[in-house]
Each structure stands twice: as structure tokens, then as C-alpha cells.
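The transmembrane segment annotation in TrEMBL covers 7-28, 34-55, 67-86, 98-118, 139-161, 176-194, 201-224, 230-249, 270-290, 296-314. The domain 'Major facilitator superfamily (MFS) profile' annotation in TrEMBL covers 140-327.
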Amino acid sequence: MYDHGFLRSLVLAGSALVVFGLLFASFAHEYWELIVTQGLMVGLGGGLLFLPGLLGLSSHFHSRLALAQGIATSGGSLGGVIYPIVFSQLQPMIGFGWATRIIALIAASSLVIPAACMKKPPKTRERHPSLDLSAWRDASYSLFALAIFLGFVGFYVPYYYVQAYSSEKVAMSKSLAFYLLPILNAGAFFGRILPNLLVGFFGPLNTLIPFTITSATIALLFTFCRTTPSVIIFCALYGFFSSPLMSLVPNVVSKLCSKTDSFGTRLGMLFIPMSLGYLIGDPIAGIILGAGWVPLQVFCASTLLACAAVMLAVRVRLQGWTLTQPI
């Protein structure tokens, strides 16, 4: 839809789904109602907004596109800092319903800006088919898709489980453990911007691989966190070093596309294995948790390390072992 000039329609539809999904969720009394509103409506709305939000930048930025996309994706992390704190402060005072409606109002206010400012692609833009099956015959693209799938199986595990871990193993108070998620997102905010500055010197794939290896190492060191300061440091470092796995993906895809390829189509297709990994990773981690915290932490580190290994195979396939060529 983006390639065919429907940027404004995607932004307006996504904004409406997010805002009305939150509003309807504020009136929910049954679990299935939250699945439909908070799950399906807000989820679909976010999906309609995220990809056009990245692709639209390609019409305005060239040499600094990676930095622009990093700043764009940092909005998700900034929301991850603001919304939990706002909800936790408001919910005891005014209840779930009104706290959720205020969040919907904040979302509506912020979504007015992209709805008013984002422009559709130029009319001269070449149009491409909505699905490019030939992309899967490209070994480099398929391997990178596998890497992204593996990475996102474990990527969000700390986001879901660090609070429970801290309450159980570190004896951290619930009030302090709550702020671990905002700390993770604060680290991710900077991690989606600062590493993107290196892309102009080393290339997106050369930047992404060492950051992913480092995030896997930090996830493994999570097994040794037994004190409150160590858990807080882990959250800040993991948020920072793992987040390029989100912000640099579009730049790598652009390197894997020839001049005749549809960047929008191929990037959209790549979000299928990414979303699948995200969908199954945390429930799998929940099952592994039955065997203890260390297996869960090792699971997270292993998936990230496997992701880095497959990305390294892509890099070697494209440029060999030489480090003189940015890619």
C-alpha cells in the first residue's frame, strides 16, 4: 500500500485503530474484550503505523537515513518509558478506565503530528507488486530473515521477565521492580540513535553484528545478577546494546536490495518472520521458566548469539572476511 501511494491512508487508519482500541479497552470488563481492543485493534494500528513511519523517511533523507530511522524508532522506546509510568500513577487514583482514556488522549495528541506532516511518496515512484516471492530465492535476504526471526525469539524476553526475576531472586520491592521496564526502554532510546551514527563509517550490517553479540553476552551475564544495582545496570546495558536489532534492520534490507527491488515490499515481508519470532519467543520462554531462571536467561542469550552468527554468514557471503568495505 505504501508503494502504491497510500501513506496517508495507512497513517490515518493506524492512528484511528490505536486511539479507538485504547478507548474501547477502557470500557472492557472481560478478558476477551481486551484481546479484541488492546490486542487486535491497537496491534493492527501499530503495525499500520510502524512500517510507513520508517519508509516515509527514505524520501527525505539519504546520507543520514540511518540516523533519521534511529530517531524514528526511538519513539517506541520513549513511549515505553512514559506510558507505564503514567498508567501506574493514575490507575490507583482514578481507576483503570480513566487512566486508559488519558493514555488514549496522549496517543491521539501525538498521532496528530504524523497525520498532519507525513507526505505520500512522489507520484513518480515506481510501483511494485505487493508480494515479491523472488526475494526468498535470494540467499542473503533469506538468511537475514532467518537471523531476524532468531533474534526476535529472544529479544523481548528480558522486557517480559526481568520484573518477576527481580522480585523473586533479588528481593526487590514491587515499586522499584516496576521501573526496570522504563530503564530498559530508556537504554533502548539511546541505543536506537547513537549506534546509527556508526553506520556511515562501517555500514549497517558491520554495526549490527557486534552490537548483537554484545547484547547476547549481556543476556548471559544476566544469570549473575543477584543485587539491585546489578539488575539496574543490566537493564540499561541490555536496552542499549540490543536495540540496534530493531533500528538498523531497514538499512540492512536496503543493502540487500538491487535497484529494481521494491524496498517497501521486501522490508514489509521481513517483518513477517520478525513478528513470528516476537509472537512465539516469550511464551516459549515462559515454558522454559518451569526449569528455572538460568535456562530462560541462557535461552535469550542463545537466540541472540544464533542471530549474530547467521548475520555474520550473510556478511561473509556478501563481502568475504575483509573489513575494508562498509556493508
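Just so you know, glycine gets a Cβ as well, placed from its N, Cα and C.
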Count the Cβ pairs between the transmembrane segment (201-224) and the transmembrane segment (139-161) that lie under 8 angstroms and are 6 or more residues apart in sequence, then report whether there are at least 3.
yes
Counting Cβ pairs under 8 Å that are 6 or more apart in sequence, does the total for the transmembrane segment (230-249) and the transmembrane segment (7-28) reach three or more?
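Contact between the transmembrane segment (230-249) and the transmembrane segment (7-28): absent.
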Could you give the residue numbers and ranges of same-chain residues that sit at least 6 residues beyond the transmembrane segment (139-161) on either side and whose C-beta is under 8 angstroms from one of its C-beta atoms?
181, 184, 212, 219, 222, 234-235, 238, 242, 245-246, 249, 252-253, 256, 266, 269-270, 273-278, 280-282, 284-285, 289, 296, 299-304, 306-308, 310-311, 313-314, 317-318
Any chance you could find the range in 7-28, 67-86, 296-314 with the most Cβ pairs under 8 Å to the transmembrane segment (270-290)?
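Maximum Cβ contact count belongs to 296-314.
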Which residues, given as numbers and ranges, are at least 6 beyond the ends of the transmembrane segment (7-28) yet have a Cβ under 8 Å from it?
1, 34, 36-38, 40-42, 44-49, 52-53, 55-56, 96-101, 103-104, 107-108, 111, 114-115, 118-121
By Cβ distance under 8 Å, which residues at least 6 away from the ends of the transmembrane segment (67-86) in the same chain are close to it?
50, 53-54, 57, 60-61, 99, 102-103, 106, 178-179, 181-182, 184-186, 188-197, 199, 239, 243, 246-248, 250-251
